[in-house]
Structures are given as structure tokens and as C-alpha cells.
Amino acid sequence: MDEQFESYTITTDELQDLATIIDGASTLAIDDVSGERQTFFTETYAYNVVIMIINISIIFFNGVVIFIVARYREMRNTVTLCFVNLAITDIFYVLAQSSYPLRITTGFDIKTIIPCNLLAYLHFVTITATGLTMTFLAFDRYKVISRPLVILKNRSYVRVMLSFVAVWIREYFYRFTRG
């Protein structure tokens with residue numbers, strides 16, 4: 001069997017497109033007869049301003065949740081502690097994903113201060129911490145419904161807080177040892 005393979009030469013324009021894809025930008029040069037580069041909607045200034053406003057409001061309102069639980073002692077229980085952990089993961093996730101809109105709107109590149117691997121680490125850790133927190137919350141609700149009198153004696157604020165700290169520490173070591 002004699003098979004013929006076509007040789008393929010990559011041109012400079014294709015290398016630029018490939019570099020754009022690898023860089024994570026949302027631009028691909030679309031074949032246009034005029035030769036001008038087309039802009040996607042996500043690259044527009046107005047879109048990124050709206051995204052930054054949403055990100056700032058997410059940080060503010062999650063900060064309000066954390067403040068209320070920290071300020072008022074009667075608000076401290078296992079469920080509100082779950083909400084505080086979810087608020088913390090939301091804040092970290094917004095900080096990790098807002099580098100592109102921040103660069104478009106202000107021209108400031110957060111990657112000059114925070115290395116890329118730390119931003120990627122924040123993505124993985126916050127997603128895992130959110131999933132484990134939601135799993136804990138669902139299991140806690142199951143135990144409260146199935147055995148309400150037994151579980152009220154065994155639940156403690158400190159134990160729940162230590163379990164969430166353990167989740168963050170576990171994920172830290174898991175992500176950094178994997179490279």
C-alpha cells in the first residue's frame with residue numbers, strides 16, 4: 001500500500017491565527033475580502049465595561065454576605081458558613097476571570113502582577129471548593145431531614161469551618177503538586 005500524504009506549509013498569517021488561539025483571545029481572523037480584521041462582540045469596550053460592572057457588584061454583594069455573618073453572632077451557623085465559603089469562592093473566581101475585561105477597559109494587565117499559573121490555580125481551586133461546599137451543604141441538609149435530633153448535637157460551627165479550611169488546603173497541595 002502506497003499512500004500519498006499531502007505536505008502542508010503553515011503561512012505567517014496562519015501562525016498569527018494559531019498564536020491568537022493559544023493566547024486565549026477570542027479573535028480569529030475571519031476571511032474577509034477587504035482584508036480587515038473583524039472584531040467579535042466580546043472585544044468591544046461596552047461589553048467589557050458591563051462585565052466589569054457585574055464583577056464589581058458580585059464582589060460587593062459577596063462582601064456584604066461575609067460582613068453580615070462576621071458582624072452578627074446570631075447569624076453564625078453551619079448553613080451561613082457554607083454561604084460565606086461560597087461567597088469567598090465567588091470573589092476569587094471573579095478576580096481570576098476578570099483579567100481580560102480589565103485589560104480591555106483600563107489597559108491594565110493583571111498578569112504583570114499575578115502570574116498566569118496563579119490565575120489558573122484560582123480557577124481550579126474555586127470550582128472545586130464550590131463543588132465540595134455544595135456537596136457538604138446537600139449532605140448536611142439530608143442529615144438534618146433524616147435525623148434531626150441526632151445531628152443537632154453533632155454539628156458544630158468550628159468543625160464546619162475547619163472542614164472548609166481543609167478543602168482549601170487540600171486543593172492547594174493537590175493543584176501545586178500536579179504542576
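The backbone N, Cα and C atoms fix where each Cβ goes, and this holds for glycine too.
Annotation comment: TrEMBL describes 45-69 (among others) as transmembrane segment. Distant neighbours of the transmembrane segment (45-69): 75-76, 80-81, 83-84, 87-88, 90-91, 94-95, 98, 100-102, 104-105; these residues of the same chain sit at least 6 beyond its ends, with a Cβ under 8 Å from one of its Cβ atoms.
Taken from TrEMBL, the feature domain 'G-protein coupled receptors family 1 profile' covers 61-179.
Residues or ranges marked as transmembrane segment in TrEMBL: 81-100 (among others).
Counting residues 6+ beyond its ends, the transmembrane segment (120-139) has Cβ neighbours under 8 Å at 79, 82, 85-86, 88-90, 92-93, 95-97, 160, 163-164, 167-168, 171-172, 175-176 in the same chain. Per TrEMBL, the feature transmembrane segment maps to 120-139 (among others).
The annotation transmembrane segment is assigned in TrEMBL to 160-177 (among others). Long-range contacts of the transmembrane segment (160-177) within the same chain: residues 78, 81-82, 85, 121, 124-125, 128-129, 132-133, 136, each at least 6 residues beyond the stretch ends and with a Cβ under 8 Å from a Cβ of the stretch.
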